[in-house]
Amino acid sequence: MERLKVYVDGASRGNPGDAGIGIVMLDENGNVVKEMSDYIGQTTNNIAEYTALIIALKEALEMGCEEIEVFSDSELMVKQINGQYQIKNEGIKRLYSQVVQLMKEFRSFSINHVRREYNKRADELANEGIDMALGDEEVIDI
């Protein structure tokens, strides 16, 4: 996969609370090539958002992706990565540094904010990650 569009989301119930990540990867024709869902423990929604992004970037690199366009409903994360907002939280600064290093591995990288309704599937996957870990729902193979 040379080129991917990736939708990422992080969810936290309680903030901080039980958290999960959701990732949807599309090829250049808009076909879903991979979906990921996972529980990441107790953390904040912002850390969950960054964690989803880092996992997505690593996975894209493993898939041989050279050009990536990322979409997230986290305006804070998108604006921090695009240099529009400062980062004050030390935990977020560490995650941001990882993102910057991973961004350099791509020939082309962009991240854009989308409204929540355009990120529904990634949000569903993030919540499924939490539900599976807490035993609230049956495990669904993706």
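A Cβ is built for glycine as well, from the same backbone N, Cα and C atoms used for every other residue.
Copied from TrEMBL, the annotated features are:
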type	residues	note
DOMAIN	1-131	domain 'RNase H type-1'
Tell me the residue counts in helix, strand and coil for the domain 'RNase H type-1' (1-131), as DSSP assigns them.
55 helix, 45 strand, 31 coil
Compute the average pLDDT of the predicted model within the domain 'RNase H type-1' (1-131).
97
